[in-house]
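Participant: These came from TrEMBL, pasted as-is:
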type    : residues   : note
BINDING : R82, E147  : substrate binding site
BINDING : E147, D173 : Mg(2+) binding site
DOMAIN  : 45-250     : domain 'HpcH/HpaI aldolase/citrate lyase'
Amino acid sequence: MTPSEVLFDGIVPKTIPVCDHYCGTELRMKKAMGLQNEMGPCFDITFDLEDGAPIGQETEHAALVCDLIASPANQFNRIGVRVHDPKSPHFINDVKKIVQTVGNQVAYIVIPKIDSAKQTSALIEQINEFAHQLDCIREIPIHVLIETNLALADVFQIAAIPQVECLSFGLMDFVSGHYGAIPSDAMAQDQFNHPLVTRAMSEIAAACHTYGKTPSHNVCTNIHSAEVVTSDSLQAKNHYGYTRKWSIHPMQIPLIVKAFSPSDAQITEAINILKSAVAANWGPIQYEGKLHDRASFRYFWMILQKAHQSHPNKLDEIANLGWF
């Protein structure tokens, strides 16, 4: 039996790549696809229709995005799309184009500017209706941007919606939506100090973990300092429970992947503990002077799940066990 079958009754919380790279222009989208093909599916790509489409060329841009997703260059089917604001007339056109042309390939659809769980459910029903009409054979995973106080007030109900896979914190819009009441520094490093912002980050992460969804941390606007990107990533991960982060520049991708992925020491510890657990038929064990049982086994199995996604070559030692 696999650890998932033993520890989670066969239903293990879903893990998705720890980095979500946003891009909108043709050149940057193609560059991101090339980088993903080099590094492997350790990061997702989100093609941006909301901010990436030139004014007046929204239809053409949506067609380009779908052509790229349908192309042979998309080797892993880990490319999603952020559509226009649901209040925009382009929203419906975006959704129809995606569902009709790449509904069975697109990794997810990101919906921005959400205000409530009721609105989210209605939009998902609309997407599913289009999918049914257009012979799309799956329910497309939905990622929701939490960037307003209204959405934050309903965040637990939004996370509870079955088809919602991930909630992302839209820091920039959240801060600007307070109309100057929150200093602009909170869009950068001070986000980890301002009470209104840290409350929002905590609520989003708590809602996600309550319902087995992925909390995704916002952009780091610094595209030159590896130290700042790494610091942002580690604070979001270690202090607020985020398991994924946005990237807006290729230099940020490996830094985010490294920060959010298990370290070599964590992987080694997890392997040793779970191998001992198997030898004990999943009963309590002692490892390096500490007692471990199924509660900690679940934790270490999730470490290996994440390692398998970002660095599968580091699990060669247990490849013969058939866990993955």
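Cβ atoms are placed via backbone N, Cα and C, with glycine included.
Bear in mind that TrEMBL entries carry predicted annotations, made automatically and left uncurated.
Walk me through where these features lie, including what they touch and how far apart they are.
Facilitator: Cβ neighbour count for E147 (substrate binding site) (all protein chains, 10 Å cutoff from its Cβ): 24.
Under the three-state DSSP scheme, D173 (Mg(2+) binding site) falls in the helix class.
Within the model, the domain 'HpcH/HpaI aldolase/citrate lyase' (45-250) carries an average pLDDT of 96.
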Participant: So for D173 (Mg(2+) binding site), how many other CB atoms are inside 10 Å of its CB?
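Facilitator: Total other Cβ atoms inside 10 Å, all chains included: 16.
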Participant: Give me the count of other Cβ atoms within 10 A of the Cβ belonging to R82 (substrate binding site).
Facilitator: 24
Participant: Cα-Cα separation of E147 (substrate binding site) and D173 (Mg(2+) binding site), in Å?
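Facilitator: E147 (substrate binding site) to D173 (Mg(2+) binding site), Cα-Cα distance: 6 Å.
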